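Chemist: Structure in structure tokens, see below.
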Amino acid sequence: MPSFTQPHSAPRNFQFPGQQRQGDPTMGTINAELADKGFLVTSTDELITWARTGSLMWMTFGLACCAIEMMQMSMPRYDIERFGVAPRASPRQSDLMIVAGTLCNKMAPALRKVYDQMPEPRYVISMGSCANGGGYYHYSYSVVRGCDRVVPVDIYVPGCPPTAEALLYGILLLQRKIRRNGSIER
């Protein structure tokens with residue numbers, strides 16, 4: 001029987017649900033007795049959190065040139081779906097929004113409306129200098145100086161425009177943050 005406690009192909013920082021409690025002597029005994037029978041003992045919250053990190057559904061909110069790099073991330077060279085992140089077109093089916101580009105004052109209510117349509121728990125990645133703080137157009141009268149003034153942002157990806165690798169790293173950081181917090185609600 002394969003052992004579920006020691007995965008052979010998992011990355012170094014990967015943890016199956018329940019591994020956070022391996023130091024507990026009671027859980028260690030139960031896990032040891034059931035591991036050779038093909039069972040995994042965990043809590044519901046740990047299982048949901050583990051599943052959530054591997055099934056992020058993202059939607060684009062591309063406003064400028066950063067959106068090109070965001071599209072490149074889902075192409076075969078980087079293949080973001082191998083990390084458990086798949087694109088969705090509807091905000092009602094996605095739990096991650098990537099804001100890429102310059103957010104102007106007229107577009108801010110639309111961003112908030114789309115964010116409010118997303119189901120909980122929902123996450124936001126701010127991609128690029130313009131989305132992070134206004135960027136090149138920071139002093140313009142019509143530009144919002146960062147999308148965090150409209151929606152709460154979880155991860156900031158710097159650059160003008162940031163590379164697809166930087167966005168991919170930001171998504172991996174978000175997965176690590178979800179795994180570390182381990183909460184269903186924000």
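Placed from the backbone N, Cα and C atoms, the Cβ positions cover glycine too.
Since we're looking at a predicted model, the values are computed, not measured.
According to Swiss-Prot, the region 'Disordered' annotation covers 1-27. Summarising the annotation, Swiss-Prot assigns [4Fe-4S] cluster binding site to CYS65, CYS66, CYS130, CYS160.
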Chemist: Sort out for me which one of CYS130, CYS160 has the most neighbouring CB atoms within 10 A, since those are the binding-site residues we care about.
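Modeler: Selected residue: CYS130.
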Chemist: Other than CYS65, CYS66, CYS130, CYS160, which residues of the chain come within 8 Å of the [4Fe-4S] cluster site, judged by Cβ distance to the Cβ centroid of those residues?
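Modeler: Neighbours found: ALA64, ALA100, GLY101, THR102, MET127, GLY128, SER129, ALA131, GLY135, GLY159, PRO161, PRO162.
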Chemist: Restricting to the same chain and to sequence separations of six or more, state which residues have a Cβ under 8 Å from that of CYS65 ([4Fe-4S] cluster binding site).
Modeler: GLY101, GLY128, PRO161
Chemist: Just counting, how many other CB atoms are there within 10 A of the CB of CYS66 ([4Fe-4S] cluster binding site)?
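Modeler: Summing over all protein chains shown, CYS66 ([4Fe-4S] cluster binding site) has 27 other Cβ atoms within 10 Å.
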